[in-house]
Amino acid sequence: MPITRKSIYAPQPSTQRARPTHLSTDPQGERLAYASGKSVFLRSIDDPSLSTQYTGHTSTVNVARFSPSGYYVASGDSSGMVRVWDAVGPEMITKGEFGIISGPINDIAWDGESKRLIAVGNGKERFGHCITFDTGNSVGEILGHSSTINSVSIRQSRPYRAATASDDKSVVFFHGAPFKYNKTLTGHHSNFLQGVAFSPDGEHFVSVGTDRKIILYDGKTGEFKTEIAYGDAAHRGGIYSVSWSKDSTRFVTASADQTVKVWDLRSEKNSHTWRSGPEGTSIADHQVGVVWTPRADNTIISLSLSGDLNYLDLNSDRPRRVITGHQTSITAMKITGETKTLFTGGVDGKTCGWDLAKGSADSLDGGHTNSVCGFSSQDERRLASIGQDDFIRLIDVGAKVFIGTNHHCDAQPKGFTWLTLKGEQFLVTVTEKGILLGKVTTKLKVNDVLEQSYTPTHISGCQDKGIFAVSATDQTVHIYSIYEEAPGEQGIKEEKVLRDARAAPTCLSYSPSGKYFAVGFSSGKIILYNVEEDYAVKTTRWSFHTARVASITWNAEETHVVSGSLDTNIYIYSVAAPGKNQSIKNAHMGGVTAVDWEGSDGIISGGADGTIKRWEVKLE
């Protein structure tokens, strides 16, 4: 194959404040399953850069659970659909698709034989149902609740039992199989229940909720046994998740008080506590999910509201490792520096610096508060970012930190580019009000402002030639250059207007030397211009995308461009043979939002699904 996928860097799990996010591991404790957007990811625990992506859902996925056998995963989405699929083979073949309720699925539980599953959530006619995993035949009814069910658990050994936890402040106990209503356990919780879990040996189950209580029950009869958490050791915030150790002697809870606590079953006391984030209140560090892996090292993985996965060790008071990344769509991408560090920006304003050799990310603190619009390299050491929060930020590439002073634009920025004039570097920024030419040290000093009569949309420049292009909503592209009016005084002048478009320009890209200029359009078409021949049209045959072109990047040799589009596809076009192309179909669920070259034989892409994918390319 000319193009092969090397790796997928998965996004972080989707989270919601004051709601649990359920995590699941396979029986060997090698992979973690979780939902992110409309996808489900199976991610290696030892090497988080290794993951696989299931894209069978058409609605937002809320939960994914491994079967006890490890061969299948059941996942449920916001439309009430449950899909069961192969977790072993690379094809991830869907085994079955079943409509459970007429609303979102909140949790799923498998029985010990991996033959039946219970899915629960918020439906109109019912709040859950029990089915066989392969045919979807009914094997029990989930009754007894009057409000949304947030969690479900099944006893893994016979006689089978099941328990559900709901917003109606009660736990309902079931006998099975087939599963039938047995009793409602009320009076123990005073607020919404968020989690319930049977111990692996089936002797006990525990329920937790936003009332900060932890209640222990008998696993066979469902009788109340004791309240575990009280006094100084208790959580100070709502509890959103609970998980048992493999030997059934301890369990772990995750809370909005930013702590994860281990509880000893025999002593009924707290034996270990981890705290995430700074002292005080840090909403991003609320712990909304936790799973005790069946590994020999007893690794516990908790989930912060920010999406960070915290690897917890019983021999330490601090996380052994924190896995961070994006939770939302990636909007900007740039590979820069001698170390080939990848910087990515998301629709939520988060900026990450990636070590491509390790596949790990560092989150840059104090970044943008709204969507990151783009990056532009000043040199090997510094990178600039711009966001819809109207700020321009400078980044130290080596240290992966923001530096200097924020520059606030006086209007919504549309993009920016670095240009060089007589050995000095300048930053050109396009906003809704005008074009700003400025010099940057630790802050931006504006040298010239050019007002325009059109509404700009995008910008691209050739740094060494001192030229740049700005696209407009009237389907035109304006070519500019910078010049020196007098010593120390620089200005902007318009050179040319391109009027070849039949659709709105959505992406602009100069080749590294400025020899070529490519324009992508909302129709999916790309026009290539020869700059050295006064912007003569070289080809209009790059027209294989079927939706808006989101990103175009040139390789260093200026022989090929790679483009990404909202049609989910990536194309590589050749300058010498414009009629030929290489393609990656369905590269990103929801659309490709950013592409870049990784050397001469690789490309890297980001998408609306939050993933980063690396591809090996053999150019044709």
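These residue numbers are counts, starting from 1, taken along the chain as shown.
Just so it is clear, glycine is given a Cβ too, placed from its N, Cα and C backbone atoms.
If you check TrEMBL, you get these features:
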- 12-27: compositional bias 'Polar residues' (COMPBIAS)
- 506-556: domain 'Anaphase-promoting complex subunit 4-like WD40' (DOMAIN)
- 1-28: region 'Disordered' (REGION)
- 54-95: repeat 'WD' (REPEAT)
- 186-227: repeat 'WD' (REPEAT)
- 232-273: repeat 'WD' (REPEAT)
- 323-364: repeat 'WD' (REPEAT)
- 542-575: repeat 'WD' (REPEAT)
- 585-620: repeat 'WD' (REPEAT)
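When DSSP labels each residue, the repeat 'WD' (232-273) comes out as 2 helix, 23 strand, 17 coil, counted as helix, strand and coil in that order. Each residue of the domain 'Anaphase-promoting complex subunit 4-like WD40' (506-556) gets a DSSP state, and the totals for helix, strand and coil are 3 helix, 29 strand, 19 coil. The helix, strand and coil residue counts that DSSP assigns across the repeat 'WD' (54-95) are 0 helix, 21 strand, 21 coil. Same-chain residues lying 6+ beyond the ends of the repeat 'WD' (585-620) with a Cβ under 8 Å from its Cβ atoms: 2-12, 36-39, 53, 55, 325-335, 340, 342, 344, 346, 354, 356, 547, 550-557, 559-560, 562-570, 572, 574.
Mean model confidence of the repeat 'WD' (54-95) amounts to 97 (pLDDT, 0 to 100 scale). In terms of DSSP helix, strand and coil, the repeat 'WD' (186-227) has 0 helix, 21 strand, 21 coil.
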